[in-house]
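To keep things clear, I will list the structure first and then write my remarks on it.
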Amino acid sequence: MESLTLQPIELISGEVNLPGSKSVSNRALLLAALASGTTRLTNLLDSDDIRHMLNALTKLGVNYRLSADKTTCEVEGLGQAFHTTQPLELFLGNAGTAMRPLAAALCLGQGDYVLTGEPRMKERPIGHLVDALRQAGAQIEYLEQENFPPLRIQGTGLQAGTVTIDGSISSQFLTAFLMSAPLAQGKVTIKIVGELVSKPYIDITLHIMEQFGVQVINHDYQEFVIPAGQSYVSPGQFLVEGDASSASYFLAAAAIKGGEVKVTGIGKNSIQGDIQFADALEKMGAQIEWGDDYVIARRGELNAVDLDFNHIPDAAMTIATTALFAKGTTAIRNVYNWRVKETDRLAAMATELRKVGATVEEGEDFIVITPPTKLIHAAIDTYDDHRMAMCFSLVALSDTPVTINDPKCTSKTFPDYFDKFAQLSR
């Protein structure tokens, strides 16, 4: 297996322009495909998850032109749901942002589809979404394990009416249903059961739907009403924001070993909840400065925090490795959905933090981290999880090297992460 050893870094400083957001890129691609008119998407993320969505759209009859650097894409919208005459199998890798929304969208039109992916995708739950789609008349069957992909979908349209969705495992189930609801056969009301996790990701979905001309009435995240008679219309141009989760590594690095780092492509008006990571970093003692399209972080004396991170679970992973440089014991709470991500992130994070010398308590939905007096050089397993690789790069900000196994797993969202990290390192 390939590995990368990062030597101790004395100082982090400079400027980094973020790649496009994965969450925004795949949502916008799907809505551009369903919309009437041509949409020119700029700052699109070039990564595995986006490639899986683009490949699926090609098979579904969507025409698009991708620039040589793959960050600008002109999508010719269908102006309707997908209609295919031949059975199709769509392989979606480990891309939840493709699997969940496409599973819902393919119920809208006519066609016979199998949705599948990598072995890990077959361990990532989709039952709550399928249950909701079946309430609206969808014909979906599980081909292997109940509640998990692969799925077989017979497109027959989605009925109007009221459905309930369990929001406690993943917000992607609600996102998927919301994006398909305007093309259902009438008014749709979605009622949420349980605590809705990762609410800021729902805000991203609603914001992008609005840019494509669709209104959703949001009753305090407990009920969503999608009025009948709406359709998606291209906004013409669509700029994909920088990925706020990806910003977290550079902001944390500056907080630990700055200098100062300026991250461009996101700012105080970002639609992504993960920019709240900077607030958590500020609570730990970092100095943060906001602009319209940038965030600056500077070093501070870091102290432990005890916080609920249910709203920003992805960026919370970066707090776990930042905690190695903070005084005291840090607790990251209410992050059960780490367990159903690219890997079981609670178990993986606990295992790898212990390797570098931390004392760790792993609970069902929390992790408590006490740093050692000196970090240990360890080979970090990344579990084919891009965020594990990027989080543990921060260990090199100590006086100890760190070895990252399978560093190329960052290709899921940030293929040149380690190059960008090196450019800021002194």
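Cβ atoms here come from the backbone N, Cα and C positions, even for glycine.
Here the structure is a predicted model, which means the values were calculated and not measured.
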Per Swiss-Prot, which of SER3, SER180, SER198 sits in the 3-phosphoshikimate site along with LYS22, SER23, ARG27, SER170, SER171, ASP314, ASN337, LYS341?
SER198
Could you check what DSSP calls SER171 (3-phosphoshikimate binding site) once collapsed to helix, strand or coil?
coil
Around the Cβ of ARG124 (phosphoenolpyruvate binding site), the count of other Cβ atoms that are within 10 Å:
20
Within 10 Å of LYS22 (3-phosphoshikimate binding site) by C-alpha distance: pick out those among the recorded positions ARG124, GLN172, ASP314, ARG345, ARG387, and say none if nothing qualifies.
none
Distant-in-sequence Cβ neighbours of ASP314 (active site, proton acceptor), under 8 Å, six or more positions away:
SER245, ASP274, LYS341, ARG387
